[in-house]
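Asker: Got a structure here, written out as structure tokens. Questions coming.
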Amino acid sequence: MEITYASTSTNDVAAQHSAGGSMTTRPVKVIPLEHPSTTSPGSASLTSSACPVVLKWRAKLKRMTWTEWIELLLPCYRWIRTYKVREYLQPDLMAGVTVGIMLVPQSMSYAKLAGLQPIYGLYSGFVPVFVYAVFGSSRQLAIGPVALVSLLVSNVLSGIVDSSDALYTELAILLALMVGVLECIMGLLRLGWIIRFISHSVISGFTTASAIVIALSQAKYFLGYSIVRSSKIIPLAKSIISGADKFSWPPFVMGSLILAILLVMKHLGKSRKYLRFLRAAGPLTAVVLGTTFVKIFHPSSISLVGDIPQGLPTFSIPKEFGHVMSLIPTALLITGVAILESVGIAKALAAKNGYELDSNQELFGLGVANILGSFFSIYPTTGSFSRSAVNHESGAKTGLTGIVMGTIMGCALLFMTPLFENIPQCALAAIVISAVIGLVDYDEAIFLWRVDKRDFLLWTITFATTLFLGIEIGVLVGVGVSLAFVIHESANPHIAVLGRLPGTTIYRNIQQYPEAYTYNGIVIVRIDAPIYFANISYIKDRLREFEFEVDGSKRRGPEVERVYFVILELAPVTYIDSSAVQALRDLHQEYNLRDIQIAIANPNREVLLSLARAGVIELIGKEWCFVRVHDAVQVCLQHVQSLTELPKMPEVSTENKPSLLQRLLKQRKDEYSNAELESGSRDFFISKDADPNLEPLLSRKS
């Protein structure tokens with residue numbers, strides 16, 4: 001269906017018509033815009049849109065089968081019912097053994113980093129692994145103690161109580177319970193999307209600075225003397241320098257050699273596929289070498305892990321709930337790290353292995369692992385990037401690898417803790433340092449410098465504040481600046497003036513396509529964002545500027561001195577609020593005073609419905625709402641042309657009436673090819689009576 005515009009419809013142009021007499025008009029065909037009803041169907045739509053999430057979930061729950069209910073409550077059922085023993089069992093066992101061997105020494109190292117006894121690291125690598133195998137939805141994610149969370153635990157608890165106090169351990173266990181509860185709440189309420197507001201630049205800068213702080217905090221085991229416990233680089237550096245007179249060579253030499261061996265094994269494991277087992281065997285190699293050396297030479301200057309209780313953890317309820325309020329900020333921060341690190345890794349591994357993963361269900365699984373684990377003396381755990389990567393590379397197919405990991409950890413707790421007493425502290429420190437070196441993401445900084453200077457600035461701010469002012473302040477500043485950038489972009493959206501590409505009916509940004517041309521008296525503006533209270537003032541200011549800023553060197557059409565029409569391309573606008581609607585009404589009134597007509601092109605249904613309910617469509621006029629920008633341009637250009645017509649055309653006398661031959665020749669000219677008429681060129685064949693400044697947009701063949 002098409003609508004033909006054969007005459008003008010605006011009041012000001014109509015007045016000129018009546019004053020100036022008749023004029024030549026051309027029929028213009030446009031696609032009619034379907035206006036949604038604002039009566040009862042709209043009300044129903046409004047009611048249904050008020051709670052789309054509830055309606056969506058209600059419909060989904062009704063469709064769910066018993067199998068889907070079991071999979072929802074116990075995600076492990078997904079891989080259990082499709083398990084292929086011959087195909088999956090061997091790689092699952094190999095991957096579980098490989099990562100389990102890697103987990104035992106790492107868990108002790110990270111417990112020392114958190115300021116806890118090594119046994120609590122072993123507990124944290126035991127119970128949560130089994131729980132996650134049942135409730136977790138990722139089949140390759142390896143959870144347990146990680147360096148970043150360990151640093152966060154140490155940083156907050158050391159400010160409350162000394163690490164040698166029993167209260168320190170109780171607060172770490174309570175923190176695991178709080179983190180688990182927060183993760184479960186966010187998973188159940190499907191609030192994982194909140195963390196998307198934290199830029200990747202913030203995460204990269206934060207983890208890079210944290211890695212440096214973690215490495216420096218482990219220096220005391222290399223240097224042989226104690227240093228201050230801090231998450232800021234300046235106190236750490238001062239403490240290291242001030243204690244230089246207590247430096248001891250034996251732990252430094254042993255730690256450096258073990259660290260070098262770990263780095264070489266990690267590099268070989270990454271660079272050569274047939275040696276990838278070396279990456280997982282690195283931590284175990286460090287422990288074996290260090291323990292063997294101590295057993296043979298008994299060096300007195302090298303500190304050892306000491307006595308580790310033997311046996312599985314016992315059930316106990318977390319205590320010290322009076323400190324909950326002081327731990328909430330850290331619990332929130334650790335939860336954020338869990339979402340960013342664990343869920344991100346899990347989704348990437350799921351994509352590589354060809355199955356779908358619900359991030360909110362994954363978050364719930366992590367929460368259950370921490371909650372149940374807190375009753376068995378763990379401190380907060382989450383997914384490990386390095387162990388998950390090794391798990392994937394080792395061929396893990398299902399969650400059975402987690403059960404194998406937990407079994408190995410259980411065996412270590414039952415039978416091997418006496419052997420751990422002679423592990424050198426510097427060997428565990430070397431394991432931590434080799435793990436966090438991979439977190440130093442300087443490549444990301446170089447990439448951001450090349451691609452986006454603003455993101456590089458965000459990376460630098462987060463890195464510097466975390467390094468010099470501490471972890472909490474670094475995260476807060478990074479997130480604050482990230483949100484400030486988001487708000488700035490939202491409040492100052494991209495707005496483009498559109499021009500027509502020669503030979504087409506396509507309109508694009510004249511800055512991006514210099515060959516595009518505009519029309520005299522018409523400004524076409526595309527708003528590339530939702531319109532709401534925060535950005536409507538900026539949009540209005542830019543619209544006023546565009547009346548005068550458009551480059552006149554590439555204008556075509558009738559010669560007029562000012563703008564008569566502003567066409568708003570609303571295709572990118574997904575939402576418009578009440579403040580913006582009122583501002584558009586004000587803008588329309590302002591334009592009316594200057595004899596400027598607004599036209600709207602290609603609004604989506606929701607935007608059009610909002611404008612209709614507010615009366616803006618009636619105010620502007622339904623005839624000024626178009627499906628395509630090209631339709632709007634055709635109609636507006638016809639009205640601009642009418643402004644340049646002579647006030648009154650002389651009547652054609654009967655003597656001057658054209659003959660049949662003349663009329664046929666004129667018809668031939670009018671039916672000139674569409675391709676040339678639509679090309680935008682002024683040099684095509686036209687009648688000598690036609691205005692050479694008017695570009696015919698459609699053939700008169702209709």
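Cβ atoms here come from the backbone N, Cα and C positions, even for glycine.
Take a look at what TrEMBL says about it:
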- 1-23: region 'Disordered' (REGION)
- 117-135: transmembrane segment (TRANSMEM)
- 142-161: transmembrane segment (TRANSMEM)
- 167-189: transmembrane segment (TRANSMEM)
- 201-227: transmembrane segment (TRANSMEM)
- 247-265: transmembrane segment (TRANSMEM)
- 277-297: transmembrane segment (TRANSMEM)
- 327-350: transmembrane segment (TRANSMEM)
- 362-379: transmembrane segment (TRANSMEM)
- 399-420: transmembrane segment (TRANSMEM)
- 427-450: transmembrane segment (TRANSMEM)
- 456-487: transmembrane segment (TRANSMEM)
- 512-636: domain 'STAS' (DOMAIN)
Asker: In the domain 'STAS' (512-636), how many residues does DSSP call helix, how many strand, and how many coil?
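Answerer: Taking each residue of the domain 'STAS' (512-636) in turn, the totals are 58 helix, 25 strand, 42 coil.
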Asker: Any contact between the transmembrane segment (362-379) and the transmembrane segment (327-350)? By contact I mean 3+ C-beta pairs closer than 8 Å, pairs at least 6 apart along the chain.
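Answerer: By the criterion, they touch.
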Asker: Between the transmembrane segment (327-350) and the transmembrane segment (167-189), do 3 or more CB pairs sit under 8 angstroms, pairs being 6 or more residues apart?
Answerer: yes
Asker: Taking contact to mean 3 or more CB pairs closer than 8 A (sequence separation of 6 or more), are the transmembrane segment (327-350) and the transmembrane segment (456-487) in contact?
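Answerer: Yes, since the transmembrane segment (327-350) and the transmembrane segment (456-487) share at least 3 Cβ pairs closer than 8 Å, they count as touching.
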Asker: Based on Cβ pairs under 8 Å, which of the stretches 142-161, 247-265, 427-450, 456-487 lies most in contact with the transmembrane segment (117-135)?
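Answerer: It is 142-161, which has the most Cβ pairs under 8 Å.
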Asker: Can we call the transmembrane segment (201-227) and the transmembrane segment (399-420) in contact, meaning three or more C-beta pairs below 8 angstroms at a sequence separation of 6+?
Answerer: no
Asker: What stretch in 142-161, 247-265, 427-450, 456-487 has the biggest tally of Cβ pairs under 8 Å against the transmembrane segment (399-420)?
Answerer: 142-161
Asker: Check the transmembrane segment (247-265) against each of 142-161, 427-450, 456-487 and return whichever range has the most CB pairs under 8 Å.
Answerer: 427-450
Asker: Kindly state the mean pLDDT of the domain 'STAS' (512-636) in the predicted structure.
Answerer: 89
